[in-house]
Structure formats: C-alpha cells, structure tokens
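According to Swiss-Prot, the protein carries these features:
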- 1-21: signal peptide (SIGNAL)
- 30-143: domain 'Plastocyanin-like 1' (DOMAIN)
- Asn75: N-linked glycosylation site (CARBOHYD)
- His79, His510: Cu cation 1 binding site (BINDING)
- His125, His512, His581: Cu cation 3 binding site (BINDING)
- 172-360: domain 'Plastocyanin-like 2' (DOMAIN)
- Asn257: N-linked glycosylation site (CARBOHYD)
- Asn280: N-linked glycosylation site (CARBOHYD)
- Asn445: N-linked glycosylation site (CARBOHYD)
- Asn469: N-linked glycosylation site (CARBOHYD)
- 469-599: domain 'Plastocyanin-like 3' (DOMAIN)
- Asn485: N-linked glycosylation site (CARBOHYD)
- Asn527: N-linked glycosylation site (CARBOHYD)
Amino acid sequence: MSRFARLLLMVVALFFTNAWAKTVKETLRITWKEGAPNGQARELIYTNGQFPSPTLVWDEDDDVEITVYNEMAKNVTVHWHGLDQKDTPWSDGTPGLSQRPIQPGNKFVYKFKASPPGNHWYHSHEKMSLVDGLYGAIHIRPKGDRTGLWSQISQDKDDIKAMENAAHDPEYLVVSDWSQYTSEEYWKISTDSGLLVFCLDSILVNGKGEVYCPGQKFLQAELAPGLVEDAFPPGTEVSDKGCFPADLDQVQGGPWNITKRPDLIPPRVQEGCVASSHENATIVVDPSRNNGWVSMHIVAAATIAQITFSVDSHEFWLYEIDGNYVNPRKFVSAVMSAGETFSVMIKLDQKPGRYTMRIPNSGASQVLGGFAEMVYKGCESEEKTGKAYLSYGGNPTSPDVEKNSFFPWQLDTDHMSPWPPNKPRPGNADEEHLLVLGRVGAPYNYTMNTKYLYPVDFQNDDPLLFYPNATRDTENDGLVLRTKNGSWVDLILQVSTLPGDTSSFEHFMHKHGSKTWRIGFGTGVWNYTSVEEAIKERPKDFNLETPGLRDTWITAFSIGGEAYWSVFRYFVDNPGPWLFHCHIELHLMGGMGIAILDGVDAWPEHIPEEYQLC
C-alpha cells in the first residue's frame, strides 16, 4: 500500500471516529428559590430554572463537557451516577475524593466520555442536598446492535425494529420522595430530637405530585400483611401520615447514651397530615408509533423511599437495570431502591384511555402512595380506566401479582442476568474486604466499617485523588480501602450484628467507578476464612454463573434481628478514588460511606492542569 493510500485511510478513519464521538457541551446553572412541586411551598434547587433537572441525552462515546455554575449560597457538586468515568476520575463529582466542592459564585467543568450506554442519572453529592431537588435523567444511546435483546421479547421483525426505535426515544420518569423541609432542616430534626426521623409528604414523578391524607384507619389497613406482627409491638399504629411512631425501639435501635426529645419534632413531621391538591405527571403515549411499543426509563431519585412501579392493566418487560442490559422478563410490578434505574418496554395493546401509574413507597418506613397517568394519545375522556395491580400502599390486589413481580432482595427472586452474558471469575478473588454495616452511638449514626463514621466534609480540602496517602497513620484510614489494579475484589457486607443495631432496615448500596456482581447472599454471621470456603459450605447461597451486575444493591430487611450477609465481586480496571455508600440520604449523612482507592499501584498521574488544585 502506498504512503498516500495509508494516509488517506488514516484520515477516513479519523473522520468516522470523530463523526461518531462528537463533543457535546452542556451548561447547568444551579439556583435556590421557592417552589411547590406538591402544592405546598418550600425552598428547593432549580437547574436551568426547572425542577427536576433537565434530561441529558448523548450518544455512546460522545465527549461531554458540562459547565456547572453554582448560583446558590451553599456548596454543590454534581455526580454522574452510573457513568464509569474511565480515565476521568476527576469528573466523578464526589467532594473530598475527586474534587473540592463548588463554592457559591464559582463554576466547575466536568469532562468525560459518555459511557456506558443506557439509562443513568445525575444528582448533587454535597451533604444531604439530594433532598433539595438537584437530580435529572441521563440517556446514553448505544452504538451496538440490540437485536438479540429484543428478540427475547418478540420474534417479529417489525416488533424488533419498533422496540429499537422506542428504546432510542423513551419516556422518562424521574421518581423522587419529597418533604416539606429542606435537607438542613430535616437533618436538624433528627439531631435535635435524638431520633432518626424519616417521615415524608409526597412521592413525585417528574417533579409533580400531591399530598394525600386518606385517614389513619385507611393507612393502618394498608400496612403490608404481617408487618406489625413480625416487626413491631402488638397494637402498633401508624399516624395519619402513614408513619410509625418515632420512638419505637425497633425503629431507633439502641439503647444509646443520648437524650431522646420527641417533643422537639415539629408539628406535621410525623403526624398532622395537611392535604394539597396539585397535579400529577401525565405521560402521553401513541399506540400508532413503533408498532405499539413504548420504552420508559425510570430513575429512582428517592432519598429514603423504596418504590414499586406498576401501570394499570399493562404488563411490562424489564430489560435494563442500572444502565446494564438484562435478559428481559415480563412483570406487572417491580420494586426499586433509591439510586436505581430501570428501563421497561410496554406494549400499548389496551383500550385507549387513561391508565394510572402506581408508584407507592413499598418499604417498611411509611405507607405512602404516589401516582402518575399514562394516557393514550387521542383519548378525550377524563375518566380513568384499567385494572390496578397495587393498592395505595403497594400491596398486591390479586394473587397473580406476587407471581409476576420483581423483588430484588434475594438471589432466588432476582434472576435478572446480564445481556450479553457477563460473569465474574469463579473461585476466590484476589482480595476480600469484610464491611460490617449498622448504627453506632446514636440512631442517626451509621457506619460501613464497624465503628468509623464517614464525615460529610471528609477530605474536602485535600481530595484523595490528589492526596491518596492523606489518611495514612490516622484514624480516618479506617474510612479507606485500597485495591490493586488488575485484581478481583470481593466486598462482603454484614448487617444486623452491631450492638444496638440488630434490628436493621435495608441499605441501598452504591459503588462509584464500577459495577459489581452480587455472587452471594445468606443468613447468619460471616465467619468464613474466605469466600471460596463459604461457597463450598453453602453452595445454594451463591451464584457465579448468572449473577446480576449493577452499581446499586439492596441489603436485607432484618427488623426481626436475624443477621444477613451479601458478597459483591468486581474487577479493578479503573484506578481512582470511588465512594461506596448507602444511597439513603439520612444514612450517608450519618456516616455510611467508605472511600475505595481502586488501583493504588496504577494511580492517575497525569491529571489535566485545569483540574490541578491551587
């Protein structure tokens, strides 16, 4: 081949590479002002003048540049949840690890590759400010062919093409929980009263919702069957907001050496429901498009709630979790933890009408309903139609629901294996780390490592990306794990074993920088010398052939005091400082986080000058 021909091929290749991997620039202006997304006014965060934050849509491998202007009177950062930030750890958006907080009046430019493809989201990561409304959806459209994914739903060529088109242009549902109090006010209620408070006012969909007050008797009847008998003292009643009494030992744990002051909980926090009629989100769908298929990308931007998603009279195919494609399965409802993202495919094969989307809090924290509407295009009737699968509080309305619903908390109920197949290395990992989760010292103090509490301002002035050895020979080194590049790592999480925390609610565990396989789940105290030994002794508690692959996982609900453990495996190929934490904002604020310095032997050395600290 001549020199000219080789040069021409290089130019052509460069052209097509650049044509695909275009540069996309975004601007996000963060402000603080009054709003009333559920009909009741409070101050909150707006992004570019809107709430929730704008949906961002890119193509896989786009070069993304996002300039964030902090026009509030408080610090902020933005985390790109689900994006792996390969070779760009300085753009992860975690204060104290990848950057200093963006101070009032300042800006920060995040630069990264749009990867991996799929459904993700972005949100604030400064203290508890997720409660205040900085969150929005991200959709990264893939380069690859997904015929093998859609052909598991339908063999019809027209359907396959239609589903690809529907997934390329989905509907977005950003689901969040909402309180009448700002994040700072909410946290102060717990620390002042000495009680962990987690009572909410609304479930919002795309920033819209209402405050419902159906009455205490109705809410009591909506409790999950057996919950009070199994978990709480006989005769326990919820309030007129659907909340359990704040001073229950089963809720607060302990005993703790602190003074409890329930009288310092303001009115209307736990009880005293005040209804407000506002509006719910409406999703208009067109059965004449895409052969009647519609895709929905759902973001669980909740701060406390565990939600359940369903659409009256419509089944759906769950085909993506946490931006990772899974072998599709058909359900009528699906449980989502705070921080997760789901993508579902729905066939619009019902009579044109208005169908209620039911999205209640399904956790044991509160009986709370949430709603939106899916409306067939052209429907003129204001009356709602369809068969409900869930009640106001998330209970199944027929026996079929339990058989056709997604429950993510155990290996034997979670069969959402990756597509295409992707499994971890069998046998032992190269490194194992046991993390004991729970409360220490107070009902609102949470640890990921037996006793260490992750401070809200941990390393804010000296982020670990730039000072990876800053915690050595200090007590704060208990907040840091270090791994080697190219190693397989097992994270073993133990719950319900710390003194005062034998009754444990779920934790929604999210790792930055990489996804993990959940390869094991079991009861009891972890007392094995290695994961390999546990696999030999308890093979039914492990799955290394088709384990799920995600960035957010739920631990077991153990209000009865039984201990549980989970094992998560991942491969280290993305050196940098990555936060591993509970996505319940109250738990993270209380200390439930740990910094994992992945690949310390291949630490990023060539940090761009624009990110160097002054």
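Note that Cβ sites are derived from N, Cα and C of the backbone, with glycine treated the same way.
For His512 (Cu cation 3 binding site), other Cβ atoms within 10 Å of its Cβ number 29. Excluding His125, His512, His581 themselves, the residues of that chain whose CB lies within 8 A of the CB mean position for the Cu cation 3 site are, in sequence, His79, Asp92, Thr94, Leu97, His510, Trp578, Leu579, Phe580, Leu588, Gly593.
Cα of Asn280 (N-linked glycosylation site) to Cα of His125 (Cu cation 3 binding site): a distance of 27 Å. The shortest Cα-Cα distance from Asn445 (N-linked glycosylation site) to any of the binding-site residues (His79, His125, His512, His581) is found for His581. Fewest Cβ neighbours within 10 Å among the glycosylation sites Asn75, Asn445, Asn469, Asn527: this applies to Asn527.
Looking only at the recorded positions His79, Asn485, His510, Asn527, His581, the one with its C-alpha closest to Asn469 (N-linked glycosylation site) is Asn485. Ranking the binding-site residues His125, His510, His512 by Cα distance from Asn485 (N-linked glycosylation site) puts His512 first. Note: the CA-CA distance between Asn527 (N-linked glycosylation site) and His581 (Cu cation 3 binding site) rounds to 23 Å. The most densely surrounded of the glycosylation sites Asn257, Asn280, Asn485, judged by C-beta neighbours within 10 angstroms, is Asn280.
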